[in-house]
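Down below is the structure, laid out as structure tokens.
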Amino acid sequence: MRVEIDQPTNGNASQDQITLGLYLWTRIKQIGVSTIFGVPGDFNLELLDDIYKVPSLSFIGNSNELNAAYSADGYGRVKEGVPGVFVTTHGVGEMSAINGVLGSLCERVKVIHVVGQTSRALQENKMMIHHSVGNTAEGKAPDHSMYSRMSKEARVDQALLWDVKSAPAEIDRVIRECIIQSAPVYIFLPLDLSQEKVSKSLLDKSIDLSIHVDEKAQDAAVTAILDALSAAQSPSLLVDSLAHKHGARQETRALATKLQIPTYSSGMGKGILDETEPYFVGMYSGSSISDRWIVAAMESSDCTITIGSVNADTNTGFFARKFNDNVEINPTNVVVKGKKFDGTFIKPLIATLTERLSSIKVKVTEPAKEPEHPLPVDHESTNLTQSWIWDQFEKFIQPGDVLLAETGTSGFGIVYSKLPKDVRFSTQTYYGSIGWATPAALGTEVALKELHEETGAPRGRTILFTGDGSMQLTMQEIGTMVTYGFKPILVVLNNQGYTIERVIHGARQAYNDINIAKYEYMLPFFGHANAVKCYRKVATKEEFQKKVLGDEELRCPKEVQVVELVLDAFDVPWRLAKIISMRGPESVEKLSKAGFVGPGKVGIGDR
């Protein structure tokens, strides 16, 4: 991508020289980023000025640095192949963001964290500048680099910029590492260095983002996979999230379409496959909590190909995946019947595998069909229940939508709903930092807006599913959504506290209670122009039909929308209830006595 930059034309400015800060932001724009998130601080202000000199590059100011990290994460999940980028200031800013960056590292999301540092002179002289730690009077002068060392484990690489001559190459190198490794990187830029000049001509050569494939290793791996497929009597395919994170979403879909064998998705991999295709069976979360008919179908397969697996407890039904013979296609290697092939990359390997499928005959078995489920014991309730709402949301979701599911009962519920064509799904199942989803919804909205403007493709809706406890951690970013005119749909499960924590321990303990907020005042508080019209409180099934499924404005929102769902504090999705039952009868009895609707009452084991 060629980017023209705005340069002053006064006689003192050399037209072939630009500031290092302008070089950085132009490089960021060249790789497809159009929005920078962040929080201004006195060690990044001049660096922020350079953002506005890059045409079509914008800055969105977040409410705090943690939310900025979450927003960049949400952006990087949706704008495939393009990282989310955010900027903070030395010390207090960068440290506030580290939890968000760790989540991106854990879940392999492309994120670039730019840190505006103190000047090189201040660092060299160990000055007691604000935001530093240390007191010369006590014999411990501040070490300004301590923060960069503290965040080392949160990133896969970093550019510790110091010399203007080597800085451009370092910026290019670390941007490449972010994209190739699909993980966070840091760029540390001293404030004075950001305003030093480099040659503008350095921007003429694009950053090399190509993957260097070992053709011999890839050919051997593909041949081994084809041999395993040829020998299988009932092969199956399981798709997980790293296929998407490493840019192989379209290649994975093409492979599934050509194979036509029974295909499953993990919870973290939801949204990669087209769930309307006849070969798609459903969600496989391990033998412990998946539908019994899905478990039977999966475990009858004599060869399962897994793509981009994340074998975390929360993605495998607490390590309960069972495969008879496994082929693993991982981001940088392939394992076939225990034999490992290193030096491969998931995206080109899947493309090559799909091309070579015509050379073999694959046995295709009929995908298992979903049976009718027994009605839950609370089916006659007129109030909203967890056993009812998630099937109803299948009628609400439209092609092109992007769903975000927060850690908690909302995540356990919506992840098992069947999605229409071309719906994407974001969740932080592995890292599980509650509060992530609301700022990530902001990043998702920004990415969807940009994709629509860049490609002309129809724009879907951003739909957030979150609990009241999670939302209260990061709800400030709703104000940012209002300020910048975004239009997500925010579905808030008001179940009076941390229901997911009540299940784990302390069902009736006060530490699982939260402030019972009046959500009807949330949009007015943030200055929403049409707050009353854009807020809906839903407590009954009849109200849901009218205010959610029957509301035309929610089909194509023009501004931020809030849907508050009032649920019992002790009502849980049936799969969460099933996890409870795994603890044994004593645990089930204890939680049933505490008042939970799920355990032993929603048909545990019947599905």
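Numbers here mean position along the shown chain, with the first residue as 1.
Every residue, even glycine, has its Cβ placed from backbone N, Cα and C.
TrEMBL annotations: computationally assigned, not manually curated.
Cross-referencing Asp468, Asp551 against the Mg(2+) binding annotation in TrEMBL, which names Asn495, Gly497, picks out Asp468. Close to Asp468 (Mg(2+) binding site) in the fold, though at least 6 residues off in sequence, lie Val492, Leu493, Asn494, Asn495, Gln496, Gly497, Ile514, Ala517, Tyr519, each with a CB less than 8 Å from its CB. For the binding-site residues Asn495, Gly497, the greatest number of Cβ atoms within 10 Å around a candidate Cβ is found at Asn495. Secondary structure from DSSP puts Asp468 (Mg(2+) binding site) in a helix. Residue counts for the domain 'Thiamine pyrophosphate enzyme central' (223-332) under DSSP (helix as H, G, I; strand as E, B; rest coil) come to 35 helix, 21 strand, 54 coil.
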